[in-house]
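Below: one structure, written as structure tokens.
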Amino acid sequence: MKFLSFRHEGQTSYGVKVKREEAAWDLKKVFADFAEGSFHPKTLLNGLQQNQVVDFQEQVRKAVVAAEDSGKGEDYKVQFSDIEFLPPVTPTNNVIAFGRNYQDHANELNHEVQRLYVFTKAASSLTGDNSTIPNHKDITDQLDYEGELGIVIGKSGEKIPKGLALDYVYGYTIINDITDRKAQNAQDQAFLSKSLTGGCPVGPYIVTKDELPTPEDVNIVTKVNNDIRQDGNTGQMILKIDELIEEISKYVALHPGDIIATGTPAGVGAGMNPPQFLQPGDEIKVTIDNIGTLTNFIADK
């Protein structure tokens, strides 16, 4: 399943993509009329939280089938052309990112590879697919992109052994880790350079892990104005998904809706000769196999 959150006619909701259509089932409406018992999550995050005791996907499947069989199925759909995409799930706790997890990316920026180079991104930096990111020209002329695979956590845990780590994954998404290279290079920490308003585009979907069985063998392609900048594969990650979860959960308790960014391959603007940073009006597309394409724009003004 591909889950998303959106705004439609001034109201926020969430849904699941309709197969072979550029549309979604509005799950707020579907559950309101066809939920089994009292199961009626108000947001996608609520659904992930309840998934620890109830099979969320199975409840979605049953409710959608009931909506289809009602003869009024179209009343429960929204067209993508009519909605504003929001971040698929707003974490209640953490947006955790691993840096220098691709050797070629570390090399292009002359960074030493460390086993753990971890930082957080402010939740206020989250934005959705097709949104416009402020150009931040008042503080930097070195705005950069980093296309990444994102892990979405599905159940709570800490000190998770590697052998059980994938049990804690609900699904995967796309992240563009927008970075102010000027601040990053001037400071000994990454939080400020990585937490700009609009600096964490996520989406357009969360793809459930059953639909992405080989997340460590998918291509990541980032384009700026249709020019290919990054063309990598998650197989190049130094620490794999189970290792990332094992390492971070030694120190941090993970909860449903937490997002973990797994690092970026080579091809960022700062690594080019000469560097090519994002400019007002630029379009950035990050595509990952079997998830989709995350598109964002840099504001003209």
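Glycine is no exception: its Cβ is also placed from the backbone N, Cα and C atoms.
The following features are taken from Swiss-Prot:
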type    : residues               : note
BINDING : Glu146, Glu148, Asp177 : divalent metal cation binding site
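Every protein chain shown contributes to the tally, and the Cβ of Asp177 (divalent metal cation binding site) ends up with 26 other Cβ atoms within 10 Å. Put plainly, the binding-site residues Glu146, Glu148 were compared by Cβ crowding within 10 Å, and the winner is Glu148.
Taking the mean position of the Cβ atoms of Glu146, Glu148, Asp177 as the divalent metal cation site, the remaining residues of that chain whose Cβ falls within 8 Å of it are Ala97, Tyr145, Gly147, Ile175, Asn176, Ile178, Thr179, Ala261, Gly263, Thr264.
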